[in-house]
Amino acid sequence: MIIAVDGPTASGKGTIAKALAAHFHLPHLDTGLLYRAVGHQCALSGGDPDDPEDALAACTFAPELLSDPELRSEATGGLASRVSIHPAVRQALFERQRSFATQPGGAVLDGRDIGTVIAPEAEAKLFVVASVEARAQRRFLEMQAHGRDASLEEIAADLAARDARDKGRKDAPLAAAADALLIDTSTLKREEAIAAAIAAVDALVQSA
Ligand code: DC
C-alpha cells in the first residue's frame, strides 16, 4: 500500500506520516528533506537557489548531507522552497522518490506532490492542513524548545511566503489530489491528528 501525505509546512504532515508508517509497518520518506538537501548544498557551493543551473548542480549532494541538523532550520526550508520551483530539480529528484514509493510492500511518503505527481496511484492520499496561526504557533514553540530566538509574526510571514511560493509554482504545485482526504489539524492535539489519519487510511483502504 502506498500512502501519500501532502500539505504545507508545519501542518503536521511529517508527524502524521511517521505515525502512519509505524502503524502500518511501512518505510517512510520525508521528501522535503531531499529539497532541503539541495537548497543547503546550493548555499554551501556558493550557488544561487533561484538560478536553475546552480540548483540542478546541487542535486548531486552527498548522502551524508541528509543527516545534517542544519537541514531542519527555517533558513534551509526557505532555500528548499526556492530550489523546488525549478522543473529540472524536480525531475532530478523524481526517480528517487518514485522508486521509494513503488518498492515491494508499499511505503509512506510525505511532501507537496506525492498524491498528484510522484504516486498518483496511491491507495490512500491525505492532504493535511492547518491555519497559518496554528502552524506559526507550533513552529514558535518548536524553536523555543531548541533555544532559538524567533518572533511569532516573522514565522507567520515566512510560512505565508512559503505557502504562496509552493502553491504558485507552475511545476507540481502544492495541491490536494482530487481523491485526497482532507485533515485539518488546527485544533487537534498530536494524538488526535494521528488517530484521525489512521481512521482515514482505514476508511480509504476499506472503500477501495
Ligand atoms: O516539507 P518541508 O517543509 O521540509 O519542505 C521544504 C520545501 O521543499 C517546501 O517548501 C517545498 C519543497 N518540497 C517540494 O516542492 N515538494 C515536495 N514533495 C517536498 C518539499
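Cβ from N, Cα, C; glycine included.
TrEMBL lists 3-201 with the feature domain 'Cytidylate kinase'. The ATP binding site annotation in TrEMBL covers Gly7, Pro8, Thr9, Ala10, Ser11, Gly12, Lys13, Gly14, Thr15.
Location within the structure of each feature annotated in TrEMBL.
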residue : record           : CB count, 10 Å
Gly7    : ATP binding site : 28
Thr9    : ATP binding site : 22
Ser11   : ATP binding site : 27
Lys13   : ATP binding site : 28
Thr15   : ATP binding site : 18
Beyond the site residues Gly7, Pro8, Thr9, Ala10, Ser11, Gly12, Lys13, Gly14, Thr15: chain residues whose C-beta lies within 8 Å of the centroid, for ATP: Ile16, Asp110, Val128, Ala130, Arg135, Thr185
Contacting binding-site residues for ligand 1, chosen from Gly7, Thr9, Ser11, Lys13, Thr15 when the Cβ sits under 6 angstroms of any of its atoms: Thr9
Helix, strand or coil at Ser11 (ATP binding site) [DSSP, three-state]: coil
For the domain 'Cytidylate kinase' (3-201), mean pLDDT (0 to 100): 95
